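Reviewing the structure listed below.
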Amino acid sequence: MSHFKIVFLTSLSLALVFELFNTISVPITSHLFISEYNGYKFGVFGWCKVDGSICSPIRMGYSLDDILLFNDNEYLHLPNHAKYALSKLLLVHVLSFVCVLVFWLFAILICIKWLNTSKSVLLFAVGWSMVTFMVSLLGFLIDVLMFASHVTWSSWLMLVSAFFVALSGILLCLMIRDLSYRRFVKLQGEVDVCVPMTEPRDPDELNEIWKKKTSKREIL
């Protein structure tokens, strides 16, 4: 069981770190970005020029007005202009990070109080792992939808994060099964019930058998 816990927590910790890489992308940090295209780096909360000289304000979604404020001769280009409105869907990255963080906190609580954790809490954690997996996978699909072949390794980490979340959910199901067996063995040890292998006979019948055996011994 200790090996299951180690792999369980390690998988979720890696998923949390990978989600963090996408969440703190440009313009929060200059080295992490989900796409690079036409001299610009794009992140969840905005964009920056490759040289870092100009960055957009930190907000959800991209806008042509950001560039026009700095230089009327430059325009912000995405792979497809129709995708400016879709840039607000990058909020899914933040939602995915929050979901993984909650799942990670659940994992720590479950591993610390393993034998005393109620079954309803464990089942809720399994359900939450499914939600977290779908949100993480959705974040990766949104990156591909917006930036196509221009996605960077940071976006691919979202797919890896979804894999680790799915692995953690499977391990949690195996741990619940093992916990149910441990509780059954513990309950069986506390309640010692003797079950007869055959149906007990009538007392009068047993007395007759005893008399016959004693009479045979007297004859001998």
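Glycine too: its Cβ is placed from the backbone N, Cα and C atoms.
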Tell me if the membrane topology in Swiss-Prot places TRP153 and LYS5 on the same side. no
Based on DSSP, tally up the residues of the topological domain 'Extracellular' (143-155) by helix, strand and coil. 11 helix, 1 strand, 1 coil
Sequence-distant contacts of the transmembrane segment (156-176), meaning Cβ under 8 Å and at least 6 residues beyond its ends, amount to 1, 4-5, 7-8, 11-12, 14-15, 18-19, 21-22, 93, 96, 100, 103, 107, 110, 114, 119, 122-123, 125-126, 129-130, 132-133, 136-137, 139-140, 143
